Amino acid sequence: MKKVTRVFYISAIAAVLFIIWGIIPEDVLPNANLDNVTNTIQTFLVDEFGWFYLLSATSFVIFAIYLIFSKYGNIKLGRPGDKPEYNYLTWFAMLFSAGMGIGLVFWGAAEPLSHFHDPPFGAEETNDAAKTAMQYSFFHWGIHPWAIYATLALALAYFKFRKQAPGVVSAILEPLFGDRIKGLWGTSIDFIVVFATIFGVSTSLGLGAIQISGGLSYVTGLESTITLQLIIIGIVTVLYMTSAMTGLNRGIKYLSNANLALAVLLMLFVLVLGPTNFIMNYFTTTLGSYVQNLPSMSLRMTPFNEENSTWLNNWTFFYWAWWIAWAPFVGTFIARVSRGRTIREFVLGVLLVPTIFGALWFSVFGGSSIHLETTQGANIMQSINEFGEETALFAVLEHFPIGTFISILAILLICTFFITSADSATFVLGMQTTGGSLDPANSVKFIWGIIQSSAAAVLLWQGGLNALQTASIIAAFPFAIIMILVIISLVKSFRQEAKDHNLATKRKS
């Protein structure tokens, strides 16, 4: 505990106070309970600054693509002799597990079907609507979120491994603000990072427990209750805390590889046993339309249509804020496992591989759900409306041969994603509250593990999980501004390094 910074104490106290606020009933604090306050703030931010989220997310995409083709692409994230710690397969598995994980499994079947029944911008439920539904699923889970992650992860890795700066977000801004960043402003920035990570991951843990419970209910007939969900959180907490204590190169590494193997196996089962030709045709045509329409989708606003604005608020703006809120967690983790790679290699890997895998995932599971509804009379949407999005995957799988076996495989995958996400989060929280230590003490990781599981369990019990999610998303607004400053600081450092290199070359000659 000697290495912890003041960010640790401030964040831990704030987290506990937030959890207490979240469990206070509305009749005790009329109009001032956590749910009401966070919803009011988030509605204001989305209504008034939706354009800012769109422009910010798109600027991160442009910056990432620029780096691929720039003269800075050959810069190594580390010293000249550093080699990557992990092979490509393990590296991709870690990116995939930390970056999307439970979310892909949760929304893979549900989101395209939801967009099909409630098409973007008031379209009719036609074949074109089916293509648009999948196109927007690609959009929400594709290049934009991974560009957000890549921007922050690259900056953290560059300053930590090449400049030997502390591995915290505030240290990235030192080229802009000098020693002033080591005071109140730096502490505030690192607090926002920890705040967004705690509550973003706690929300995902709650959603994971809900989906595991829903899956068990579908497979076994066991009633999905809050008690079952709390038991699941308790069991998974023991498992991920055990993994966290074993360190990065054992627990998370092996779990990430297992995640990728299980995900590929599950996807292959559904692809081979399902409408294979339809899925691959759907994937191919949607990928083309996604690439073709990416610029217009990235900047589309609807200033003259209130109904269409509501759709954007509920989906695109929500997602962009959510991914920015997750950037501190995922970005820090990706940075930690990317030492030794060049900037070009890093950006290509982080942008393209997860985007293509995610597109395949949505095509397989979302495509199957739409195919079942449009050609076989299945009513997957009815299951979503009655029992929630967490049942969509299992409602699809029950129509397949050996559906029970595949459902069990899906539950196992959710569990391993659950464990990996929480394990990675305890590592990141430990790193961010110990001055960027690459190997935070087990005691620090233990405390953060207990706090994030407690937050998920208590607010799930009280029905305050949505408030927790909204609170983390609110943190995305100031953090988007911080990320824009990160780009400026990073480019300034690149230029200074190039200048220093040219001077050194001239002296040698």
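Each position is counted from 1, following the chain as shown.
Note that Cβ sites are derived from N, Cα and C of the backbone, with glycine treated the same way.
Bear in mind that TrEMBL entries carry predicted annotations, made automatically and left uncurated.
Lifted from TrEMBL, the feature list:
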TRANSMEM  7-24  transmembrane segment
TRANSMEM  50-69  transmembrane segment
TRANSMEM  89-110  transmembrane segment
TRANSMEM  138-159  transmembrane segment
TRANSMEM  191-214  transmembrane segment
TRANSMEM  226-248  transmembrane segment
TRANSMEM  260-280  transmembrane segment
TRANSMEM  317-334  transmembrane segment
TRANSMEM  346-364  transmembrane segment
TRANSMEM  402-422  transmembrane segment
TRANSMEM  443-461  transmembrane segment
TRANSMEM  467-491  transmembrane segment
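Within the same chain, residues 137, 141, 145-146, 149, 204, 207-208, 211, 252-253, 255-257, 259-260, 263, 329-330, 333-334, 337-338, 349-350, 353-354, 357-358, 361-362, 364-366, 368-369, 380, 384, 389-390, 392-393, 395-396, 410, 413-414, 417-418, 420-421, 424 sit at least 6 positions outside the transmembrane segment (89-110) and bring their C-beta atoms closer than 8 Å to a C-beta of that stretch. Counting C-beta pairs under 8 angstroms (sequence separation of 6 or more), the transmembrane segment (260-280) fails to reach the transmembrane segment (7-24), with fewer than 3 such pairs. Where the transmembrane segment (317-334) meets the stretches 138-159, 191-214, 226-248, 346-364, the count of C-beta pairs under 8 angstroms peaks at 138-159. Listed stretches 50-69, 138-159, 226-248, 346-364, 467-491 were compared with the transmembrane segment (7-24); the greatest number of C-beta pairs under 8 angstroms is found for 467-491. Of the ranges 50-69, 138-159, 191-214, 226-248, the one with the most Cβ pairs under 8 Å to the transmembrane segment (467-491) is 191-214. The transmembrane segment (138-159) shares the most Cβ pairs under 8 Å with 50-69, out of the stretches 50-69, 191-214, 226-248.
Remote same-chain residues near the transmembrane segment (191-214) are listed as 7, 10-11, 14-15, 18, 101-103, 105-106, 168-169, 224-225, 228-230, 232-233, 236, 322, 325-326, 328-329, 332, 387-388, 390-391, 393-394, 411, 414-415, 417-418, 421-422, 425, 428-429, 432-433, 448, 451-453, 455-457, 459-460, 465, 468-469, 471-472, 475-476, 478-479, 482 (criterion: CB distance under 8 Å, separation of at least six residues from the stretch ends).
Beyond its flanks by at least six residues, the transmembrane segment (226-248) meets 205-206, 208-210, 212-213, 216, 255, 336-337, 415, 418-420, 422-423, 426-427, 439, 442, 445-446, 449-450, 453, 456-457, 460-461 of its own chain at Cβ-Cβ distances under 8 Å.
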